[in-house]
Amino acid sequence: MENILDFTLEELKEWLISKEEKAFRAKQVFDWIYNKLIFDFNNMKNIPYKTKNLLSDNFYVGVPKVVKKLMSQDKNTYKFLFEYKDGNIIESVVMKYKHGNSICVSTQVGCRMGCKFCASTLDGVIRNLTSGEILSQIMAAQKEIGERISNVVLMGSGEPLDNFQNVTKFLDLVTSDTTLNIGQRHITLSTCGIVPKIKELADKNYNITLAISLHSPEDLLRKEMMPIANKYSIKELMEACDYYINKTNRRITFEYALVKGKNDSIKEAKKLSTVLKGKLCHVNLIPVNEIKENSYEKSTLKNIESFGNILKENGIETTIRREMGADINAACGQLRRSYVSK
């Protein structure tokens, strides 16, 4: 059986026609799934009995089961652990803002990139998620909170560009007016910096925001923090970023997790300013998430602000990320790992 969420409307139409069914039934089915959030074919009232049976025999609506749901004390952040049909568990985070609800979705079960500050990579990657499985996190979360989600961040467990085919199909699906109709400009994809895939993504001409996990302006330190830096130098990464900017005319966000005594000095800030000066970019400074498997400590707020001021003085737009959901282990990989290791 196949997950119907992996299908575009046109693909489902073609399948129905091949079974001597009416093509317009595809739109009716999509309406039940994506607008009414009905995930059982038998509850789709305007679908004929024969067609329901045909669909039930060949497809399932692959929305994951909620195995854990946590809400922060301020009620602005929800953390979900979702279980798929094969028993694999991933996590998603919903953040409520004045401008709408945003979800951080996972693209893989685990991750193989090995970034030292990330809990989701500690056990490696188990498998890729399909386009429909990524999409289903949004649908399951919408059903749970009873509100529409309008912004998507691909920044949960997994490296999106390590699952390129499924992630790009997800982007095509989620932005379609036949499914969730989320605008491309409301989507951010975060990558540790797989250079060839950044260029390939640029060639797709999406209007999404690309976020690069940078974390150091120096190759030696970046190699220590992020194994991907052993494959691609900062020079190569910046060339790929320039290609992306020139191709899409979209501003890139550079993410920089500040670790006390590691990458938070004024010297590092000045070096980063040199690397990024003149680029169409924005820097998001992040207090690092502390995990017991490494000795990384958060930089002080004073250091973070001083670091940011250096960047601003050099004409680089900079913000400090607001911490949300710390009381519910909302940072990437933390809750899933504590759950599956029980």
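Glycine too: its Cβ is placed from the backbone N, Cα and C atoms.
Over in Swiss-Prot, the protein carries these features:
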ACT_SITE  Glu91  active site, proton acceptor
BINDING   Cys111, Cys115, Cys118  [4Fe-4S] cluster binding site
BINDING   Gly158, Glu159, Ser190, Ser213, Leu214, His215, Asn289  S-adenosyl-L-methionine binding site
DISULFID  Cys104-Cys332  disulfide bond
DOMAIN    97-327  domain 'Radical SAM core'
Neighbours of Glu91 (active site, proton acceptor) among recorded positions Cys104, Cys111, Cys118, Glu159, Ser213, Asn289 (C-alpha cutoff 10 angstroms), in sequence order, are Cys104
Can you tell me whether DSSP puts Cys111 ([4Fe-4S] cluster binding site) in helix, strand or coil? coil
Please give the greatest C-alpha separation between any two of the S-adenosyl-L-methionine-binding residues Gly158, Glu159, Ser190, Ser213, Leu214, His215, Asn289, in angstrom, as a whole number. 18
Expressed in Å to no decimal places, the gap between the Cα atoms of Cys118 ([4Fe-4S] cluster binding site) and Asn289 (S-adenosyl-L-methionine binding site) is 8
Quick one: of Gly158, Glu159, Ser213, His215, which binding-site residues lie within 10 angstroms of Cys111 ([4Fe-4S] cluster binding site), measuring between C-alpha atoms? Sequence order, please. Gly158, Glu159
Give me the long-range Cβ neighbours of Ser190 (S-adenosyl-L-methionine binding site): same chain, 6+ apart, Cβ under 8 Å, in sequence order. Val153, Leu154, Met155, Pro160, Ala211, Ile212, Ser213, Glu255
Give the three-state DSSP assignment (helix, strand or coil) for the residue listed as 'active site, proton acceptor'. strand
So His215 (S-adenosyl-L-methionine binding site), by the Cβ count within 10 Å over all chains shown, scores 26
Tell me the Cβ neighbour count for Asn289 (S-adenosyl-L-methionine binding site), meaning other Cβ atoms within 10 Å of its Cβ, over all protein chains shown. 19
Relative to the Cβ position of Ser213 (S-adenosyl-L-methionine binding site), how many further Cβ atoms are located within 10 Å? 24
Have a look at the binding-site residues (Cys111, Cys115, Cys118) and report the one with the fewest Cβ neighbours inside 10 Å. Cys115
I'm trying to understand the geometry here, so how far is the Cα atom of Glu159 (S-adenosyl-L-methionine binding site) from the Cα atom of Cys115 ([4Fe-4S] cluster binding site), in Å to the nearest whole number? 11
In whole Å, note down how far the CA of Cys115 ([4Fe-4S] cluster binding site) lies from the CA of Leu214 (S-adenosyl-L-methionine binding site). 11
Model confidence for the domain 'Radical SAM core' (97-327), as mean pLDDT, reads 94
When the Cα of Cys104 (disulfide bond) is compared with the Cα of each of the binding-site residues Cys115, Gly158, His215, Asn289, which one is closest? Gly158
